Amino acid sequence: MVKKRVHELAKELKIESKEIINRLNQMGINVKSHMSTLEDGVVERLHQLYRPDQEEVKPAAAKPPAAGQTIKPEEVAPQAQPESRKKDAAMLDSQKPDRDRVQKNGRERAGKATRADHYKGAGLVERVPSRPPDRRFQERPKQSDKARPWGQPRADQGARLKTADFVQERTRSARAGQDYSQPEKVQQERVQDRQQKERPPFEKAQQPRPQHEHKPQDSVKERPHPERASREADNAKRAERLDKGAGKTAEIAYKSGLKALEKAQVGTKPQRAGERGARPGGLHETKPKKNLAPGDAGYAKLWQEQTPVIPQKLLDDRRRQTEEKVKVTEKQKQQAKSQKLVKSREKRNAMAELAEERLRPRPAVAGSRKKGAAKPQEQAQKPAQPLEKKPIVLGESTTVQELALKMHKSPAELIKKLMQLGVMATINQEIDTDTATILAGEFGYEVEVKLPVDIEAMLMQEPEDDPVSLQDRPCVVTVMGHVDHGKTSLLDAIRETNVTATEAGGITQHIGAYQVEHNGKKITFLDTPGHEAFTAMRARGARVTDIAILVVAADDGVMPQTVEAINHAKEAKVPIIVAINKIDKPGANPDRVKQQLTEHGLVAEEWGGDTICVNVSALKKEGLKDLLEMILLVAEMSELKANPNRPARGTVIEAELDKGRGPVANVLVQNGTLNVGDTLIAGAAFGRVRAMMDDKGRRIKKAGPSTPVEVLGFSEVPQAGDIFVVVEDEKLARTIVARRQARKREEELKSTARVSLADLFKHIQEGQIKELGIIIKADVQGSVEALRQALERLSTDEVRVNIIHGGVGAITETDVMLASASNAIIIGFNVRPDVNARKAAENEKVDVRLYRVIYDAIEDVKAAMSGLLEPEYREVTLGRAEIRKIFRSSKIGNIAGCYVLEGKIERDASVRVIRDGIVVHEGKLESLKRFKDDVREVVQGYECGIALEKFNEIQEGDIIEAFTVEAIKRQLT
């Protein structure tokens, strides 16, 4: 026979697998899961346990009921009892010796044996003789709980308890004559303990199956169940929670049944609280007043007389009413649950409509409020009217959810439409303005794009001032010209200082800002470098100036940087005053200078033009007053005004990193007033003004328009030429600077082009170009910028300059390590390396070059780049020889006997063989001999023997030409 699994047996018995597993564990059979297999004997025992009706015997003649049996009203007289009932009394008597033997071993085990003998039946003795305790479960099937209302006690519980009391009483009477008889109090306590405490595992295996798995069978009597009281109590509590009305009805019926039974009972005491009660309309088994055994005469008659009979129709009616009420309660619960779901859904819809109503722009209210009576009708008609599709206002970018709210559509519709358009998007994904416009057009909406207000753009846009608040301001004058034409010397003469003597090489390499006073009016001078490397500085000076002074040496005339300065001034649209300097020199010719200026569009006033020309001598201080008068005249004609009562705005002229003071910026205030404590922004740097110094080094607390000052307090060194603006607070400054830095990073990432397959060969070719890596450190930002531009102009197609890093301040150890890693040199301009940097440079063998004059640095870099250039190769012919005789040797090969026609033939030279004007071979000499001696060279007019490497096909009359290749170094132009 095939072994059955637990779940197959459960399906066959129509019960749960878990219940079978629990029952098998109680019987002492270990089962792990529902897939475990069972032996045939175990399956048969479970069949007998859960289907005892299959082993029923045929009914015999009616007999008196045995102890422990329950007699239903409809089965008392008319039906015949099974033959197994006949043996109950005999079995009780036959088991008395066993009980006595067990009682000698222990009182508690005696009580258990008594109860086990009482519950034994004759139904399964023949089938399972090996486990007698299980036989009491096979006696007869139990009645299903479906036949009674939920929560009501069973009708046979009281009878079962009374039968147990009868058995105990019978046992005590049988033991009355023994020495080890137990008091009645101890026996009662033991009965209560057996009813309340949990059974040991052996007795747990004998517990009956659940009552709800089998249909009720009227032909079989119910057997007692010791643990049903607790389960029935739980069912009663559950029934009370489900329906109070049904519970009250059941309680009334239960109490009425108890009263009827108490009146009908003879010789029994009333039911106490805590004991198992009877089912409404059920039976109470009564304990006979007389001590009659089941086999005694008159026992059955007394039993039937004391058992009241309740009509079955009354029980069925009460059961039907209770079941209907339970069904009504379940139906009400389902209705309440569905109503709750509907209310929650309506609430969510109302909240969504309220949110859309708040986002929707409200139309203007027209007319009076007297038309309020017609509002409900208008609202009822609103859904029928088509919605007016107003233009959707969008910003720079929007999410799908925001666009759906504005269009009164669900996000799913928009996502579906985007998928149709080939765009995969989520509900929170941002889409650009173009995509949003196309998507809105698909639904018939127009789009208006309104970009958000850019705070940075508003700050950079200079507002218009009220003409009443404008005041006169000093003019800003920029001195421009060629190098060594005397710009700084002229300013020294005006300021009565000696700045030129303190500058390296006698040339200006920074923008200097000064302020002088003449005739009670202030003039601000900006001194720009004249060297060609400082083009950016000159252009920056021309942008911030009001008047440009073009200094031209009378002996040199117009030079390249002079022309560049003229172009900067014209581009900035500022008036130009020409100062012809060095008129005291012997070779001075001012007229020639004026003639040259006319070639560039500057015509002197005395020649009918509008350009003011002043002859000055900075060395002898001649013509300075005339120059200042002309400056004030042009400024007065220009009507220079500014508003000092507003936040300051200006330009960063120069910036540097001071070791003791940190980032320092020379700024020119162009409008407003700059105060100590103001928060300002300059490019990617921001800060609070901690201190200000004027051009003479004095601390000041405020600086008005056209005032050059030195500002301390920046977070980092700003770029020269940046516009600085005073803002309200530091928080706003940080926000704007963060945006600028993020924008700068994005631009750098965009500028980094990706290498494609088509450009791969191009990049390979570029890899063959030699590079000279340079790290620039200078004292001011302007010098770094000038050096960078000057060195980058030296790059050619074969060698180029790679500026790895440029910064302001002293040379540090970090710069040295960067140069070592990138194989670069360090150029320091007006700065020195610290101690650690010098030691690191020696250890890493990094070349550090220090300069104070910019053109010295440019010349050295040019020489270094020239050394990287590939040299040019040139061929030099040494001599020619004619082959007149051929000598053949087995070891060497053919030897040419030659006569040197011109020049000389050297042994290490390269040769080529020419036959009839055609080169037939080019190679090296293997040997050169004169007679039998090896020689280094043979000059013109002598004979020699020549052997060629790897070439023997020589002929008489061939010409051997000797030559060498020379390498010629190249220079950068």
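The backbone N, Cα and C atoms fix where each Cβ goes, glycine too.
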Problem set entry | Annotated region 'G3' segment (source Swiss-Prot; candidates 471-474, 527-530, 659-662, 795-798) | 527-530
Problem set entry | region 'G2' per Swiss-Prot - which of 36-40, 506-510, 871-875 | 506-510
Exercise. From 581-584, 609-612, 841-844, 953-956, which range did Swiss-Prot mark with region 'G4'?
Worked result: 581-584
Exercise. Could you count the residues of the region 'G1' (481-488) that DSSP puts in helix, in strand and in coil?
Worked result: 2 helix, 1 strand, 5 coil
For this session: Under 8 Å Cβ to Cβ from I583 (GTP binding site), same chain, six or more residues apart: give me those in sequence order, or none if nothing qualifies.
Result: A554, P590, N615, V616, S617, E622, G623
For this session: Take the region 'G4' (581-584) and average the pLDDT across it for me.
Result: 84
